[in-house]
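According to TrEMBL:
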type	residues	note
REGION	99-120	region 'Disordered'
COMPBIAS	102-114	compositional bias 'Basic and acidic residues'
REGION	158-257	region 'Disordered'
COMPBIAS	164-176	compositional bias 'Polar residues'
COMPBIAS	177-190	compositional bias 'Basic residues'
COMPBIAS	211-220	compositional bias 'Polar residues'
COMPBIAS	234-257	compositional bias 'Basic residues'
Amino acid sequence: QDGLKQCLAEFRQQLTWVERLDVTLGPVADPVSQSASTSDAVDPENDFQREMSFYRQAQAAVLEALPRLRKLQVPTRRPDDYFAEMAKSDQQMQKIRQKLKSKQEAMERSEKAKQLRAMRKYGKKVQVEILQRRQKEKKNMLNAVKKYQKGLSDKLDFLDEEQTSSQGNKKGNASQRTKKGPNAKRRYKNQKFGFGGKKKGSKWNTKESFNDVSSFQSKVAHNKGPGKGGRGGKAGKKALNKRPGKRARQKMKNRAR
């Protein structure tokens, strides 16, 4: 104990209070009981009482120290334009942001992968159910056919069911086609070849078409129009540039010799 007191005397420095700022007080009075709670009244095992005693002791120290600081004209409030530099550098904060971003992206990727797996599992389940239903229908139809062949049954209901199902599928496909409409290739073929029906005799003249002469053009009919013969037409050019026959070419070769 003497050694501890000697060390304390060596540590103690005779400085003014503004240099030391030490305040040692008991807890402030409890507003409920209007009395200062002693250390014996606080249960150390009770977290709430223990923290409240610390809080009231700090409150008492503040109430004692603030007036003394104001008397000494020591500012106790931070100015509005006060700038405090961060403890961590910008490079370290950038690394932290990149790490958080990478974690978020990884979480998003894993969530998307989970959704894709769930969708695939659901699609596979639906496909399996459809295949099982088709196999069951096929098995039932084969059993009905065997019974009919052996003479155990004289009903052909399975054929009616098959026809109704096929008709339903055809109707569904036809409705889909009418909704979607023909594609460009089909429209071109329809325009070029028609929509079926009678083809033979479709270009024969009738009484009305025979008497209709509104589209008659005399120049075209008598080869007087452009491109229909004559001296300046294409036919004239073709006649001028016509290749001679084989005998004429052979005679020309003989003359040249």
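Positions of Cβ are set from backbone N, Cα and C atoms, glycine also.
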* Asked: Of the residues in the compositional bias 'Basic and acidic residues' (102-114), how many are helix, strand and coil by DSSP?
  -> 13 helix, 0 strand, 0 coil
* Non-local residues, at least 6 beyond the ends, that sit with Cβ under 8 Å of the compositional bias 'Basic and acidic residues' (102-114) -> none
* Asked: In the compositional bias 'Polar residues' (211-220), how many residues does DSSP call helix, how many strand, and how many coil?
  -> 4 helix, 0 strand, 6 coil
